[in-house]
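Features of the protein shown, as given by Swiss-Prot:
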- Glu590: L-isoleucyl-5'-AMP binding site (BINDING)
- Lys634: ATP binding site (BINDING)
- Cys921, Cys924, Cys941, Cys944: Zn(2+) binding site (BINDING)
- 1-32: region 'Disordered' (REGION)
- 71-81: motif ''HIGH' region' (MOTIF)
- 631-635: motif ''KMSKS' region' (MOTIF)
Amino acid sequence: MSDNQNKPGKPAAKPQSKYPVNMTDTPFPMRGDLAKREPQWVKQWQDQKVYEKIRKASKGRPKFILHDGPPYANGDIHLGHAVNKILKDMIVKTRQFDGFDAPYVPGWDCHGMPIEIQIEKQFGKNLPTAEVLSKARAYANEQVERQKKDFIRLGVLGQWDKPYKTMDFGNEADELRALGSLLEKGYVYRGLKPVNWCFDCGSALAEAEVEYQDKRDPAIDVGFPFAEPEKVAKAFGLAKLPTNKGYAIIWTTTPWTIPANQALNVHGDLPYALVNVVRNGVPQLLILAADLVGTVLQRCGLTGETIAICEGSALEGIRFKHPFADLDPGYNRESPIYLATYVAADSGTGIVHSAPAYGIEDFISCKSHGMRDDEIIAPVMGDGKYASWLPLFGGLTIWEASKPICAKLDEVGSLFKLVMFDHSYMHCWRHKTPIIYRATSQWFAGMDVMPKNQGATLRETALQAIEETEFFPSWGKARLHGMIANRPDWTLSRQRQWGVPMAFFVHKETGDLHPRTPELLEQIAQRVEKDGIEAWLTLDPKELLGADADMYLKNKDTLDVWFDSGCTHQTVLRGSHKEELAFPADLYLEGSDQHRGWFHSSLLTSSMMNGRAPYKALLTHGFTVDGEGKKMSKSLGNTLAPQKISDTLGADILRLWIASTDYSGELSISDEILKRVTESYRRIRNTVRFLLSNTSDFDAAKDLVPVADMLEIDRYAVAQMNAMQAEILAHYKVYEFHPVVSKLQMYCSEDLGGFYLDILKDRLYTSGVTSHARRSAQSAIWHLTHSLLRLMAPILSFTAEEAWAVFASPDVNTDGTIFTHTFYQLPEVSDGAALLAKYTLLREVRNDVTKQLEEVRVAGGIGSSLQAEVELKASGDKFAALASLDDDLKFVLITSQAGVSQVASAEEESVVVTPSTYQKCERCWHYRADVGSHAEHEGLCGRCVANLFGKGEARRFA
């Protein structure tokens, strides 16, 4: 396709005239036909190894590294993928054009649950682990190839023949080495802690894998019976209680946690009331927050009287019976009151029941009061069922147990109120099912653990790294800061098969790691480098441990997949692609959800390994929504596939839509929006076609007119493009694309189509073919085209390449692509600033004249503007600007005659339009007094005779 050179001009296919104008043509078609042509360019880029040519051309330049956040290798790409990849491509290309060496190495995230689920669906749940791994690897490779093809079709240039994959053996090995580094530095520990747990996954979840959906649960007020009435009396300053029958009242939406209750929490500084009530004819005492007495009594349908008040701190240590203590000896235990600052009196009862196995705050509170790990009651198993040893409810799932638990509470008189409650609740992002906090033994990276070098904690290092990072948009900084400041320790371990193993040997009795763990991890990494993670599966411990093997177990946990992608600054930037890339990256770019995903995990791993962020800047984009602002989903039927858009409208339309949308918010798309984008594209394409057509008989080596020798309006056009290019490059530098598109559209439709090219047509079409006047215009157009094609190439990559193949001369287009070039260095215009000011004024006048001409035309006074003669009265700078054009003023106004006279003030200024009384020249269509004055050419005006048969007309300004 690239041999489609802009051949010397030829008359367009119109009826031959006796006096033809210079109507040149171009092989660059008016219709883009993008869906058909773009795949041909994709093939040409691949066949001619354009990406390799770009790398060769930019060797030695300063590097710009955009590190690709890896999409997950499962399923076809959707519109969100397209937005992400095209934004990255546009940024890489702008930096490349700006004089950097900007490589792009795409990557894929390959381990984890979704692929494991696919293998289970296809082959069943009972496959041997070795088969799961081999089939998962094959499946991931197949998905990578599918996605790769679609990404390439979008016009994204990159190292597609050597991407990175987190499942590459070298990456898996380097990930183990990274784990070893964190272990040696003292960040990694093993402990019992409540973690996000999905019953369907059968595994812990990362924070980024949790989403919130509405859920309906029983909300219950529950009484914990007094076990130490004397201490209650003392706390409230009473000699004796009126009755020993009483309850501490709690409120919860998780009845299933009641069997695991081990404590109650109050706030030490809040006032608590002792309330006397009669319930079912029996006097009873209730303890609850003083500020909530009225609300709780009303909710429970009770009336009562507050007989005493004390501060929460007075209740510390008082014990209460478990509600089921009288039903089964297994619940014959007491729950002490602990003080906790997280307790509030704005809802509930002001007393919080604490099940340390199923709540982070509960766990922290109980541990801080001396509870040992082996004392924590944890009856919920990994599949969501209660263990068989749990009295009354063993074998039930926690969700189906809610009803019998509430029934038993009612039976013993501890259920004060039950209502169904709708609230936002944690769900697994994969299965869309509710999850819980569940205390299990896991491996963690400690946020506040003192590392072995006695330096800053992980939290401190990461927060400092955020301060040193640039954010686009700026609000991303506060968002990431808040997440890091408040997050719990990172659960590194998962209970799955398809993932990088936490390849530890754990002592059977003590649970300690083997003393040679760092050395062993390196030996295992070397095996993984050769055979993949399968090497750990098949490893006989005796091969590495010798006689110690009988004392140790192979750890079965795998690493969180967020650790996989979060380590790519180490495994890719400094590992598999260290020759092409570099650490730290200049930019990470992903959707705004990645503040808790890839941005987050990458920051944590790099803070531990390197003491800094792996990126200098973070850029986030919003999500795609339909034309009405609704989230896209298959169920709503409002999705648009990028493949379909490319195959019908063309990828350049998709690219232009992305570039023209402010990606910092939601990106709206619909057929109607794409229709408007297509119209916008046509305007740009038609402008490019005009430029190509009118330089098709122009050879810059012979015909280029120096800027200083150009006509004034041509110098203005070059100066204006210089100013606009500077503005566009400033936007590109800060990753802003929608202002670029807006400026390009305005430039093509208003600056060129509505002014400069409109004026230029007369000179291009009617001046002598090789005249200075025409060559001056073509020289300006030649400069503008060089600049315009490169400015639009990062966005409209296919169209710019197609136009470049037509426009660029063989000596310039040595690589056969626009993408090995840099932004065009436009020539300086010595009087550029003055010309910009002057022509800004002239354009204002021209707009006024055009309005007057239109009024006369509508009234039937004239046909076209060339049928008019205009007399202007102007004052001050306006008069000076108009008068300076002399006889060329008529060309700027596109009238057959124009004159200007000076007046003293703006109030006296006027525009007078008069229909011409002269004949129309059959060639230039001007109405002139000298039409027919040449006997041999009766239909021509004097200037056309001069342009065709003489020295040509003299033009200085326009």
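Placement of Cβ uses the backbone N, Cα and C atoms for every residue, glycine included.
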Take the motif ''HIGH' region' (71-81) and find every residue of the same chain, 6 or more past its ends, with a Cβ under 8 Å from one of its Cβ atoms.
108-110, 112, 114-115, 118, 140-141, 143-144, 146-147, 150-151, 165, 591, 623-624, 632, 639-643, 669
Local Cβ density at Cys921 (Zn(2+) binding site) - other Cβ atoms counted within 10 Å:
25
Same-chain residues at least 6 beyond the ends of the motif ''KMSKS' region' (631-635) with a Cβ under 8 Å from one of its Cβ atoms are 79, 623-625
Counting other CB atoms within 10 Å of each candidate's CB, the least crowded of the binding-site residues Cys924, Cys941, Cys944 is Cys924
Secondary structure content of the motif ''KMSKS' region' (631-635), with strand meaning DSSP E or B
0 helix, 1 strand, 4 coil
Which of Glu590, Lys634, all binding-site residues, has a Cβ with the fewest other Cβ atoms inside 10 Å:
Lys634
Quick check: with Cys921, Cys924, Cys941, Cys944 left out, which same-chain residues have Cβ atoms within 8 Å of the centroid of the Zn(2+) site Cβ atoms?
Thr766, Glu922, Arg923, Trp925, His926, Arg928, Val931, Leu940, Gly942, Arg943, Val945
DSSP on the motif ''HIGH' region' (71-81): how many residues come out helix, how many strand, how many coil?
3 helix, 1 strand, 7 coil
Within the predicted model, mean pLDDT of the motif ''KMSKS' region' (631-635)
75
Inter-residue Cα distance where the pair is Glu590 (L-isoleucyl-5'-AMP binding site) and Cys941 (Zn(2+) binding site), in Å
63
Three-class DSSP secondary structure - Cys944 (Zn(2+) binding site)
helix
Between the C-alpha atoms of Cys924 (Zn(2+) binding site) and Glu590 (L-isoleucyl-5'-AMP binding site), the distance in angstrom, to the nearest integer, is 56
For Glu590 (L-isoleucyl-5'-AMP binding site) and the residue listed as 'ATP binding site', the CA-to-CA distance in whole Å is 23
Rounded to the nearest Å - Cα separation of Lys634 (ATP binding site) and Cys921 (Zn(2+) binding site):
63
